[in-house]
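Heads up, the thing below is written out as structure tokens.
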Amino acid sequence: MTAEMDMALMQGCVTFQDVAICFSHEEWRLLDETQRLLYLSVMLQNFALINSQGCGHKTEDEERRVSTRASKGLRSETTPKTNLCEKCVPILQDILCLPGLPGQKHSTEASSKVDQHQDHNSTGKPLEKNADRSSYLFYLSAKSFPSWDVEKDLPDILSLLKSQVCPKTKKYRKSTEGRKETSHESDKSEECQSLSSQKQTLAHHPKTSNGKKLYECSKCGKTFRGKYSLDQHQRVHTGERPWECRDCGKFFSQTSHLNDHRRIHTGERPYECSECGKLFRQNSSLVDHQKTHTGARPYECSQCGKSFSQKATLVKHKRVHTGERPYKCSECGNSFSQSAILNQHRRIHTGVKPYECRECGKSFSQKATLIKHQRVHTGERPYKCSECGKSFSQSSILIQHRRIHTGARPYECSQCGKSFSQKSGLIQHQVVHTGERPYECDTCGNSFSQCSSLIHHQKCHNA
């Protein structure tokens, strides 16, 4: 947490909603078990920290409850600090309902972990065996964050996982004098009734395979496992972007998107590829990158059947079929299918050549052009013809060479119908029809239609 967040936490004005990061189901499927455990541990740690320091929601609710009781002439009660914030609880419940959480398939191992944890429990309070999953998760979380005081926070959140969000109203309680008196818990009863009415409103919602209710978006019909996830989704329809970047002022609909964006300013790249060591700002980018090592290509074009390792690459490829060119140059009006191609094109206008050859000092506007050029120095010829075994430094030259074997002549003159195997051959031929002579001799001023003719002519002056 930042220093500003720490200060706000001390003042009791931070809620779990302010710091919670919620994944969509698509994003969640991209995480492996270790990453899911780390995410869960961080969320549980934040929840425990905020509830132990005093949630902003609880502060508002307690003030309202004290005011209500005072207006009715009732004595104020001291709310135990261990009470959980009822507004933040559903958010954590949504997180714990995500499928495939570590620990869901380890009930036997969970019991043994609970037993081990009980042996070291300084409070001496036994953990209930019917909370195997939650106990196991907290045990693992404690391993990930050794500084977290598990003994202090575990009972609170265990009660949360047993759905003790709205405690049953007690009819009687013992007074300090030892007498029994009727408890006036009307404020809590009203809250319980409110929760009950919300459940009735959602009774028509569809259910998951295990019987849990889903929350359905009234705009598009999409369903979600938790109300908080639904609230986040609905910002797609409303356009609401409540999270602002303090560095550039850009707004985002989710805190997770803001956190990803902030790394642009900080330069942080916390996700490292175990194969090649490359670093990424987002976990989804790392997952996409790792497919280059595994060879997985799950995204297939419905038009031509070509497969890609990344969804973004498929989206770019589809523009070949649709002809869409959404990126326009403000200087000359030319349009491009990809933003990267537009950025390369702009260097024609600016003259910027950021890629320099270390061997000869020649500069290039594109990195790919530099790589091709460097093969002049290294002699590398990675592209080999399967027909004759001849090798080439560039794939485009290999494609042109293959036409010798296939006899393909894809470039046809619109004037006379003559065909050529290379585009350069067609361009040279078209000069015959236009009469253009762009190649001029510096010595005598004679002009020629082809560069080769000029070179042959210049030998007359050099003789």
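Just so you know, glycine gets a Cβ as well, placed from its N, Cα and C.
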Matching range for Swiss-Prot feature annotation, region 'Disordered', among 106-128, 221-243: 106-128
Swiss-Prot annotation of zinc finger - which of the ranges 20-42, 135-157, 411-433 it falls on: 411-433
Correct range for zinc finger (source Swiss-Prot, candidates 79-101, 355-377): 355-377
DSSP helix/strand/coil residue counts for the zinc finger (299-321): 11 helix, 4 strand, 8 coil
Stretch-averaged pLDDT - the zinc finger (411-433): 89
